[in-house]
């Protein structure tokens, strides 16, 4: 139908061209309605193969695949053959003893042997019978003087003898009764000024610092903060007090407990005398101890942590102190 409309339009145009010499051109007509869509053309031929494109960016990793199904259980293998153990045989019977062989021929006579050792002495024989009494012998010599006999009875009292010499002076007799108190005597002259009595002295107080807190275990605690040690009886390098004046001493210690538990002992010459233990409970705590000791010259006293590093919570800073004190109460001869 569209083809017919197309041919008609061409024909009209051709007629108009031929009549231009004789007719005037008229006004253009009103455009007709759009024609219907034409039939689809045939498929074009395949084009030439294009160049290979650039490689695309790697894709994202795929999600893990699902687990495969379990395989079927294999058949049970045949049981292996076990060789049967043989039966133990019976014990054989004991054989009969053999017959005695014939007696051997006598050997030649040996040489004469050496003389044997003397045999042991025989036992004592029985006592023989008493023989007949012999004739009387001659008179013997006079024997020695016999021992002195016992004293005889006391004789009668004799006449008084002459007067003897005077004997030595006897011991002093007991003091007599105290006499009546006498009159007060005159005042004596003033005596000379005596020597001033010098009392022996020994004392110290030491403490820990930030550098010496949390001391090591099982060794003397070295207190390096000197509060009083005028006589140098406490050795800061060794951490020990040494007795220079024999007598009775008082020792005391005051501990600030922080961060860890505390377990200390006061030691005298290597022997633990006094023990103190305190458990840390999340805030600062205090522990202390004191004792009176009799010391001799050269005795040593110190404090030490016992039980390991878990019990060395002895603390010190600008606001907290841990101290060790000792002083002489009185000397002894």
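The backbone N, Cα and C atoms fix where each Cβ goes, glycine too.
Among the features that Swiss-Prot reports, compositional bias 'Low complexity' is placed at 26-40.
According to Swiss-Prot, the feature compositional bias 'Basic and acidic residues' maps to 42-57 (among others).
The compositional bias 'Basic and acidic residues' annotation in Swiss-Prot covers 69-88 (among others).
Per Swiss-Prot, the feature domain 'Collagen-like 1' maps to 24-82. Summarising model confidence by region, the domain 'Collagen-like 1' (24-82) averages a pLDDT of 70.
Here Swiss-Prot flags 95-154 as domain 'Collagen-like 2'.
The domain 'C1q' annotation in Swiss-Prot covers 197-333.
The feature O-linked glycosylation site is assigned by Swiss-Prot to 73 (among others). In three-state terms derived from DSSP, residue 73 (O-linked glycosylation site) belongs to neither a helical nor a strand segment and is classed as coil.
The O-linked glycosylation site feature in Swiss-Prot is assigned to 127 (among others); the stated evidence is similarity to another entry. According to its DSSP assignment, residue 127 (O-linked glycosylation site) is coil. Using a 10 Å radius centred on the Cβ of residue 127 (O-linked glycosylation site) and all shown protein chains, the other Cβ atoms total 6.
Cβ neighbours of residue 31 (4-hydroxyproline) (same chain, under 8 Å, six or more residues apart in sequence): none. Taken from Swiss-Prot, the feature 4-hydroxyproline applies to 31 (among others).
For residue 34 (4-hydroxyproline), the Cβ neighbour count at a 10 Å cut-off comes to 6, with all displayed protein chains included. In this structure, residue 34 (4-hydroxyproline) belongs to neither helix nor strand by DSSP; it is coil. As annotated by Swiss-Prot, 4-hydroxyproline applies to 34 (among others).
Positions annotated as 4-hydroxyproline by Swiss-Prot: 40 (among others). The Cβ neighbour count for residue 40 (4-hydroxyproline), using a 10 Å radius and every protein chain shown, is 6. In the three-state DSSP scheme, residue 40 (4-hydroxyproline) is classed as coil.
Taking a C-beta cut-off of under 8 Å and a sequence gap of six or more, residue 58 (4-hydroxyproline) has no contacts in its own chain. As annotated by Swiss-Prot, 4-hydroxyproline applies to 58 (among others), with the evidence given as similarity to another entry.
The annotation 4-hydroxyproline is assigned in Swiss-Prot to 61 (among others) on the grounds of similarity to another entry. Within 10 Å of the C-beta of residue 61 (4-hydroxyproline) we count 6 further C-beta atoms, all protein chains included.
When secondary structure is read from DSSP and collapsed to three states, residue 64 (4-hydroxyproline) falls in the coil class. Annotated 4-hydroxyproline per Swiss-Prot: 64 (among others), in sequence order, evidence recorded as similarity to another entry.
Per Swiss-Prot, 5-hydroxylysine is recorded for 73 (among others), and the stated evidence type is similarity to another entry. Around the Cβ of residue 73 (O-linked glycosylation site), 6 further Cβ atoms fall within 10 Å across all displayed protein chains.
Annotated 5-hydroxylysine per Swiss-Prot: 127 (among others), in sequence order, evidence recorded as similarity to another entry.
Cα of residue 175 (4-hydroxyproline) to Cα of residue 40 (4-hydroxyproline): a span of 173 Å.
Using CA atoms as reference points, the recorded positions 40, 61, 73, 151, 160 were checked against residue 127 (O-linked glycosylation site), and the closest is 151.
Just so you know, the Cβ of residue 151 (4-hydroxyproline) picks up 6 other Cβ atoms within 10 Å once every protein chain is counted. On the backbone, the CA of residue 61 (4-hydroxyproline) and the CA of residue 40 (4-hydroxyproline) stand 45 Å apart.
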